[in-house]
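A.B. asks: Can you read through this structure? Questions will come right after.
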Amino acid sequence: MIIRSPEPEVKILVDRDPVKTSFEEWARPGHFSRTIAKGPDTTTWIWNLHADAHDFDSHTSDLEEISRKIFSAHFGQLSIIFLWLSGMYFHGARFSNYEAWLSDPTHIGPSAQVVWPIVGQEILNGDVGGGFRGIQITSGFFQIWRASGITSELQLYCTAIGALVFAALMLFAGWFHYHKAAPKLAWFQDVESMLNHHLAGLLGLGSLSWAGHQVHVSLPINQFLNAGVDPKEIPLPHEFILNRDLLAQLYPSFAEGATPFFTLNWSKYAEFLTFRGGLDPVTGGLWLTDIAHHHLAIAILFLIAGHMYKTNWGIGHSLKDILEAHKGPFTGQGHKGLYEILTTSWHAQLSLNLAMLGSLTIVVAHHMYSMPPYPYLATDYGTQLSLFTHHMWIGGFLIVGAAAHAAIFMVRDYDPTTRYNDLLDRVLRHRDAIISHLNWVCIFLGFHSFGLYIHNDTMSALGRPQDMFSDTAIQLQPVFAQWIQNTHTLAPGATAPGATASTSLTWGGGDLVAVGGKVALLPIPLGTADFLVHHIHAFTIHVTVLILLKGVLFARSSRLIPDKANLGFRFPCDGPGRGGTCQVSAWDHVFLGLFWMYNSISVVIFHFSWKMQSDVWGTISDQGVVTHITGGNFAQSSITINGWLRDFLWAQASQVIQSYGSSLSAYGLLFLGAHFVWAFSLMFLFSGRGYWQELIESIVWAHNKLKVAPATQPRALSIVQGRAVGVTHYLLGGIATTWAFFLARIIAVG
């Protein structure tokens with residue numbers, strides 16, 4: 001008799017055909033809500049429809065159904081991303097000067113859009129060099145294509161078609177995993193499996209395949225391009241992949257194949273997996289061999305990380321155990337209960353992810369210029385400025401989103417009865433101490449940082465430069481930052497014995513990399529001016545955090561409104577007859593936080609734009625003399641408010657203001673138009689609902705007189721809606737104004 005061990009139970013993790021596919025609901029706007037589905041009585045209906053269409057919490061309280069909707073929506077989002085990417089590659093294939101740019105990237109600007117000659121708009125097609133007329137683009141796609149080894153517009157065309165196929169696939173997946181095979185709640189809550197797949201699959205194998213592509217395709221093609229070989233003469237990507245001898249001609253160790261890997265003789269691969277540091281003097285970008293090495297190392301780390309968590313085989317970490325073991329001497333129950341929060345509240349989960357991704361995006365912004373990863377990126381000043389600005393804005397929005405969803409979690413998902421003495425409960429119990437201290441810090445930073453500028457403005461007006469805070473009078477040197485710079489400068493050969501240059505040229509040392517007579521990067525000096533503006537950064541960031549954190553910590557209750565949780569995430573005031581309780585909802589804190597986020601990011605991108613033009617970007621003569629765009633005026637001009645207004649905003653706005661009649665004229669119109677959108681927002685922010693309701697009623701009276709009154713009763717926007725419309729136009733107008741100002745300036749002078 002054979003004794004068999006019992007067969008392990010196979011878990012069924014999907015439900016088959018849970019929701020039938022039907023287009024009928026598409027014809028019923030608001031089908032997800034009994035109230036909205038009735039159709040409009042007043043114009044408020046359309047606003048409620050938009051506010052609640054994607055608020056899956058309000059459609060059902062079934063967590064499994066909510067999870068499936070979110071999961072399906074993610075596939076829809078991926079589909080749109082693939083569609084967008086396909087459009088970018090298609091523009092590169094069909095409307096761009098990519099092949100011309102590839103042959104001479106220092107003298108030809110990137111362009112992938114040619115405006116049709118309708119009512120004189122062809123003026124926008126500027127001469128970007130090489131006889132091509134079009135709009136100069138600043139997205140960095142050309143540089144990334146060159147780094148990936150794309151040598152022809154046909155390859156871009158094929159990639160665009162591939163992306164369309166993937167877009168269709170994602171749309172199908174979104175439908176399939178909601179209507180045909182929808183995962184059960186247990187599948188969404190299986191965090192160990194998710195970690196394994198995301199770490200080992202997405203990040204590990206993703207990085208490994210990119211490293212493989214770089215070694216087998218990008219490196220050889222870029223080596224030929226750097227040597228000046230005509231792109232049409234270079235072998236195609238598949239030839240390098242299929243024919244090892246081609247690679248062995250460039251990198252002799254390729255002839256040995258995988259033998260050095262299995263015999264642990266890894267130094268043989270040092271030809272194409274390097275650890276040099278610094279920039280490639282030909283392209284002004286990081287060494288592509290360094291980048292390949294980096295992705296290989298990252299892949300190994302994540303492949304290991306992806307095998308650390310316990311799934312079907314009974315070994316490995318369990319996340320619940322890790323969290324519950326996490327107790328400090330002063331933290332009570334510690335992280336006990338956090339596992340349950342993060343597996344049942346997707347708002348809590350999303351909040352953490354947004355905070356991390358937002359911070360990471362800002363880190364990306366700072367690395368894109370200090371360690372420019374793609375060839376000829378560093379000398380394309382318009383693209384450098386655009387990438388920095390873009391990633392700063394995106395990071396700011398994501399971080400505010402983190403606070404928004406943390407507050408929604410507090411209002412909708414937090415259960416105070418089951419939480420006692422864990423970290424979150426302890427934070428909530430001493431929230432007054434946190435917020436009052438943070439408030440004190442904001443007041444201190446605000447008065448002192450701004451006070452230094454006001455002092456300088458006053459001394460400047462009185463003609464007493466010797467009494468100003470500046471590099472030539474009373475110095476306030478950023479000694480800590482300079483010490484960090486110095487430490488990194490000295491690292492190669494000392495604490496980083498294998499590296500030949502420091503991680504970034506910005507740290508210091510005498511090195512300067514110029515490509516085609518333009519500065520790519522050089523050591524960035526920090527002085528009193530930077531010390532002053534960095535404290536403005538500290539101030540604006542702390543105020544943003546104060547507003548957002550107060551919104552989260554007081555989302556459920558406060559001394560003013562003890563039952564705030566019952567009023568929900570967004571509400572205008574605590575009912576009629578209770579004065580002084582407006583703008584206290586968690587939503588209002590997000591609303592106010594957005595303005596301070598806008599403040600913070602604006603100061604950062606202004607600082608970056610001026611500092612780079614003053615101290616980094618410029619031209620270099622045959623004798624090695626560097627001439628910066630604004631001639632190093634940052635250190636002495638930016639130490640007064642007047643200097644910022646006069647020598648940055650006003651002086652550098654001349655290009656956008658005088659752009660009419662040139663190929664930059666669209667930026668001039670955008671500059672005006674975006675100012676208008678911004679000003680339009682003030683109408684929503686500075687007036688109350690009653691004013692508009694009164695106005696609407698007299699307009700309705702006139703319509704009734706003429707017997708043209710609509711069946712749907714017009715209503716003024718609610719207080720919350722008015723604020724939402726206001727902040728949207730404020731941010732859109734402000735961002736588009738900045739965009740036009742920056743680009744007209746940098747394309748004209750850069």
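Cβ atoms here come from the backbone N, Cα and C positions, even for glycine.
Got these off Swiss-Prot a minute ago, pasting:
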- 70-93: transmembrane segment (TRANSMEM)
- 156-179: transmembrane segment (TRANSMEM)
- 195-219: transmembrane segment (TRANSMEM)
- 291-309: transmembrane segment (TRANSMEM)
- 346-369: transmembrane segment (TRANSMEM)
- 385-411: transmembrane segment (TRANSMEM)
- 433-455: transmembrane segment (TRANSMEM)
- 531-549: transmembrane segment (TRANSMEM)
- CYS573, CYS582: [4Fe-4S] cluster binding site (BINDING)
- 589-610: transmembrane segment (TRANSMEM)
- 664-686: transmembrane segment (TRANSMEM)
- HIS675: chlorophyll a' binding site (BINDING)
- MET683, TYR691: chlorophyll a binding site (BINDING)
- TRP692: phylloquinone binding site (BINDING)
- 724-744: transmembrane segment (TRANSMEM)
A.B. asks: Among all the protein chains here, how many other CB atoms are within 10 A of the CB of HIS675 (chlorophyll a' binding site)?
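C.D. replies: So the number of other Cβ atoms within 10 Å of HIS675 (chlorophyll a' binding site) is 15.
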A.B. asks: How big is the Cα-to-Cα gap, in Å, between TRP692 (phylloquinone binding site) and CYS573 ([4Fe-4S] cluster binding site)?
C.D. replies: 18
A.B. asks: Can you work out whether the transmembrane segment (589-610) touches the transmembrane segment (664-686), with the criterion being 3+ CB pairs under 8 Å where the paired residues are 6 or more apart along the chain?
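C.D. replies: Answer no, regions not in contact.
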A.B. asks: Any chance you could find the range in 195-219, 346-369, 531-549 with the most Cβ pairs under 8 Å to the transmembrane segment (433-455)?
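C.D. replies: Answer, by Cβ pair count: 531-549.
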A.B. asks: Taking 156-179, 195-219, 385-411, 531-549, 664-686 as candidates, which has the most Cβ pairs under 8 Å with the transmembrane segment (70-93)?
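C.D. replies: Selected stretch: 156-179, with the most Cβ pairs under 8 Å.
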A.B. asks: For each of CYS573, CYS582, MET683, count the other CB atoms within 10 A of its CB; which of these binding-site residues has the top count?
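C.D. replies: That would be CYS573, with the most Cβ atoms nearby.
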A.B. asks: TYR691, TRP692: which of these binding-site residues has the highest Cβ count within 10 Å of its own Cβ?
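C.D. replies: Most Cβ neighbours within 10 Å: TRP692.
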A.B. asks: May I ask for the residues of the chain that lie six or more residues beyond the transmembrane segment (156-179) and have a Cβ under 8 Å from a Cβ within it?
C.D. replies: 17-21, 68-69, 71-76, 78-80, 82-83, 85-87, 89-90, 92-94, 98, 145, 150
